[in-house]
Amino acid sequence: MAAHQEKKFAQERKHKNIQNDTKASQGQWGRAWEVDWFSLASILFLLMFAPLIVYYFIMSCDQYQCSLTDPLLDLLTGNKHLSDIWNKTPMLTYRAAGIYSLWVTFQVVLYVFIPDFCHKFLPGYVGGVQEGAVTPAGVVNKYQINGLQAWIITHVLWFANASFFHFFSPTIIFDNWIPLLWCANILGYAVSTFAMIKGYFFPTNAKDCKFTGNFFYDYMMGIEFNPRIGKWFDFKLFFNGRPGIVAWTLINLSFAAKQQELYAEVTNSMILVNVLQGLYVLDFFWNEAWYLKTIDICHDHFGWYLGWGDCVWLPYLYTLQGLYLVYHPVQLCTAHAIGILMLGLLGYYIFRMTNHQKDLFRRTNGNCRIWGKKPEYIECSYVSVDGTKYYSKLMTSGFWGWARHFNYTGDLMGSLAYCLACGFEHILPYFYIVYMTILLTHRCIRDEHRCCSKYGKDWKRYTAAVPYRLLPRIF
């Protein structure tokens, strides 16, 4: 009887801790209420130059064999004018518009109208209807987790067409790459603008909206926390995962098909990029339910940053390695190829196992074993927005004892492996590791600023116990 009561008390405490973490996060996370001058300047810079950066990278491959310096040299020396480069750029076509419209419509159908069945026969996979975190307004949204299913259906149809039906060429994405860029921009700006209008006039939940009074900041960072149409179409979940990430592996396959068409072979570097990035995409969809607990879903509002970013930035800049290898095929020596594969797999292992340790620790409230022994942790207290004091635990063992964001370290190792597969002739394919380093370092700082505000002196105890952010003994 006593054991039963103790178990019941532990379950109630666990449930209460989860609720408490949510309440506290409501006051700690999310975008700003007021905008300082630095934030506004950053927002204006991104709004003006992010689309130009994407265009510059893609144009460099199309017109300058992936050289990032030659276009600038041509312009500075007067060999070419901007109009010369623009006039050689393929424009929007009806074919590209049709392809893109069909693609997005197909992904909407898979997302909204086909309930998940993968969780019924794949052991360990969590799919179907799942609950998200409590929003600042106290709403618990339900999500249809079926991204893995959508990915499988899409790729089965892709390979069926390539092998049997031949309705279109597997190189169709590469052949229409720049016209599709204009389609992606149109959708990115359209959905971002619609989300802002919706936030003003017909929000899903008015209490989950934030207005700064600054048009540019609100447009960039979003007004609504969870804009939705109907019961299931959630803007954040759809655009974060579909259509961009489902397309990621298809884009790489199209690049591989183009390499085969041009050179009568697919190089081992292209295979490495397809395999390692494909593993990352599959991991994302396998853990889509876990993704509901991440910053993007739990704390970010939906604006241009996510809407345009997921439609344009992600599919066009995350796939630069495959695009580069179409123009510069690289055949790696066996030792080099094996080394890159091992680096990518080790990075993935660290990324996945670090996240698994944290998830296990949270689910069991510390009553688990990490690396064969009971985890070490620091008891922390914090005060929620209603003035109530609560308690939490911060793990200091396992990978989380090595660095405070060691999952990001694994992510960066995988990112570096993608780039190394392209050799060292050009800097363009290395944009990804530079960008990911900046992005994840910024996330480290952002997360730790929140935690410092939340835990106060207890956070200092934690950072003393785990002094490094990403790289043990370095940073």
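Just so it is clear, glycine is given a Cβ too, placed from its N, Cα and C backbone atoms.
Whatever TrEMBL says is automated annotation, not expert-curated.
Small disclaimer: the values here were computed from a predicted structure and weren't measured.
Taken from TrEMBL, the feature compositional bias 'Basic and acidic residues' applies to 1-12.
Residues annotated as region 'Disordered' in TrEMBL: 1-23.
If you look up TrEMBL, you'll see 37-58 (among others) marked as transmembrane segment.
Sequence annotations record features per position, and here TrEMBL assigns transmembrane segment to 92-114 (among others).
Among the features that TrEMBL reports, transmembrane segment is placed at 148-168 (among others).
Per TrEMBL, transmembrane segment is recorded for 180-201 (among others).
Annotated transmembrane segment per TrEMBL: 302-320 (among others), in sequence order. Below 8 angstroms of C-beta separation, residues 46-47, 50-51, 53-54, 57-58, 181, 184-185, 187-189, 191-192, 195-196, 218-227, 235-236, 239-240, 243-245, 247-248, 251-252, 255, 277, 296, 428-429, 431-432, 435 of the same chain, each at least six residues beyond the ends of the transmembrane segment (302-320), sit close to that stretch.
Per TrEMBL, the feature transmembrane segment maps to 332-351 (among others). Sequence-distant neighbours of the transmembrane segment (332-351) (same chain, 6+ residues past either end, Cβ-Cβ under 8 Å): 267-269, 272, 275-276, 279-280, 283, 399, 406-407, 409-418, 420-421, 423.
As annotated by TrEMBL, transmembrane segment applies to 415-440 (among others).
When Cβ-Cβ distances below 8 Å are used as the criterion, the transmembrane segment (37-58) is approached by residues 68, 71, 177-178, 181, 185, 214, 216-217, 219-221, 304-305, 308, 312-313, 316-317, 320, 323, 428, 431 of the same chain, each at least six residues removed from its ends. Tallying C-beta pairs under 8 angstroms between the transmembrane segment (148-168) and each of 92-114, 180-201, 415-440 places 92-114 first.
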